[in-house]
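**Student:** Quick paste from TrEMBL:
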COMPBIAS  357-378  compositional bias 'Basic and acidic residues'
DOMAIN    19-157  domain 'EamA'
DOMAIN    193-332  domain 'EamA'
REGION    338-378  region 'Disordered'
TRANSMEM  18-38  transmembrane segment
TRANSMEM  50-67  transmembrane segment
TRANSMEM  79-101  transmembrane segment
TRANSMEM  107-130  transmembrane segment
TRANSMEM  142-160  transmembrane segment
TRANSMEM  192-211  transmembrane segment
TRANSMEM  223-244  transmembrane segment
TRANSMEM  288-308  transmembrane segment
TRANSMEM  314-333  transmembrane segment
Amino acid sequence: MEMSPGWFWCFCRRGRPYLGVLFLQLGYAINNILVKSALNEGLNPYTFSVYRNVAAAVAFGPFALYFERKIRTRMTFSVFWKIMLLALIEPVLDQILYYTGMKYTTATFAIAMCNVLPALTFVMAWIFRLEKVNVKKLHSQGKILGTLVTVGGAMVMTLVNGPPVPLPWAKEGSEAHHALAPNPVVSQDQHIKGAIMITAGCFCWASFYILQAMTLKEYPAQLSLTTLICTMGALQGTIVTLIIEKAKSGIWSMQTETEIVATLYSGIVRSGASYYVSGLVMKEKGPFFVTAFNPLGMVIVAIVSSFTLAERLVLGRVLGAFIIVVGLYLIIWGKSKDSSLSSSNSSEVEISDQETCDNKDLNDAKASKEDRRSEAVV
């Protein structure tokens with residue numbers, strides 16, 4: 001049996017959303033490690049947010065002007081205020097809260113706490129009627145249970161420490177540990193403060209995805225939307241930084257190569273490219289799908305940061321991460337059942353439409369045949 005040459009392109013088309021979210025998670029993981037190193041060297045989270053969005057706007061602006069010059073729709077007041085709100089909740093609030101929280105915790109902890117993001121996105125999509133939920137159906141119960149389990153896992157990661165997990169390459173007292181983690185050990189209060197900030201940042205992130213999905217329906221030019229969000233985010237971030245850090249003029253200068261590399265990478269990949277790719281995936285699969293692969297980022301960061309940052313994992317975080325993953329995949333299982341039901345209903349509608357068309361064609365043919373007979377008799 002020979003395969004049609006089109007099977008490969010069909011496979012690539014269906015695999016694009018999965019490749020997109022894999023790219024996002026890899027980019028997030030590398031970003032967390034780079035930024036954590038820069039924060040350890042004294043990078044200010046407020047100015048970092050501003051410079052990062054400037055880098056993204058400069059990198060993606062020319063592409064938006066050239067490639068979307070024919071498809072860019074007219075700017076309306078509805079689209080404008082949505083862009084301003086998008087710029088506030090993600091490039092400003094989310095980034096400042098998230099990276100300030102990371103300063104008090106670790107890169108692994110920050111990315112693990114982001115596994116709450118799918119649950120938050122699911123709840124918000126349910127509230128705004130972007131997600132169908134029927135509490136009498138098993139798959140809907142799975143999504144609700146998964147949401148509760150995910151939040152419980154996040155609480156375990158926040159409140160439970162436990163003994164350290166022995167890793168041969170991250171031994172306490174090693175030279176790498178002292179060289180790569182120069183900041184003093186944070187207290188339990190600072191750790192909880194950081195966890196609360198990261199959770200608040202995740203809430204802003206989930207809100208961003210929901211609002212982005214709504215905005216793309218009115219303004220489908222994704223590169224232009226990305227550039228506008230980053231530009232407005234840089235302007236709003238500058239105002240926030242001048243208000244909060246007004247007495248610290250030295251925060252606007254970057255002292256090390258790590259700070260510069262982290263800012264450029266985070267701006268081009270974590271802001272610009274991720275906004276654009278998430279928009280593409282969102283159009284095809286919805287906002288919930290974009291957040292469903294967050295555990296992959298946790299695994300990447302946990303492995304890489306144990307080498308590069310000499311971070312030590314404790315049992316409480318490992319247990320909490322495992323609970324989060326279990327809850328997440330309960331949500332994904334329920335979501336997959338929704339997709340199966342939607343596909344089945346769509347197929348039934350298509351079959352019904354095809355039968356209607358066939359019947360109409362048959363009736364038209366009979367009518368035409370009768371007309372010809374009438375003409376022949378005359």
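Heads up, the Cβ atoms here are built off N, Cα and C, so glycines get one too.
All annotation found in TrEMBL is predicted automatically rather than curated by experts.
Neighbours and distances for these, please.
**Tutor:** Same-chain residues lying 6 or more positions outside the transmembrane segment (18-38) and placing a CB less than 8 Å from one of its CB atoms are 48, 99, 102, 106-107, 110-111, 114, 180, 256, 258-259, 261-263, 265-266, 269-270, 273-274, 277-278, 280-281, 289-290, 292-294, 296-297, 300-301, 304-305, 308-309.
Only residues 6 or more beyond the boundaries of the transmembrane segment (79-101), in the same chain, are considered here, and those with a CB under 8 A from a CB of the stretch are 35, 39, 45-46, 48-49, 52-53, 73, 110, 193-198, 200-202, 204-205, 207-208, 211-212, 214-215, 218-219, 225, 228-237, 240, 271.
Nonlocal intrachain contacts for the transmembrane segment (142-160), taken as residues 6+ away from its ends with a CB within less than 8 angstroms of a stretch CB, comprise 109, 112-113, 115-116, 118-119, 122-123, 133, 135, 191-192, 195, 199, 315-317, 319-335, 337.
Under 8 Å from some Cβ of the transmembrane segment (223-244) lie the Cβ atoms of residues 46-47, 49-50, 53-54, 56-57, 60-61, 63-64, 67-68, 72, 83-84, 86-88, 90-92, 95-96, 212, 215-216, 251, 267, 271-272, 275-276, 279, all in the same chain and six or more residues away from its ends.
Residues of the same chain lying 6 or more positions beyond the ends of the transmembrane segment (314-333) and with a Cβ under 8 Å from any Cβ of it are 108-109, 112, 115-116, 118-119, 122, 139, 142-143, 145-165, 292, 294-295, 298, 302.
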**Student:** Taking only the residues in the domain 'EamA' (193-332), give me the average pLDDT of this model.
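**Tutor:** Summing pLDDT over the domain 'EamA' (193-332) and dividing by its length gives 86.
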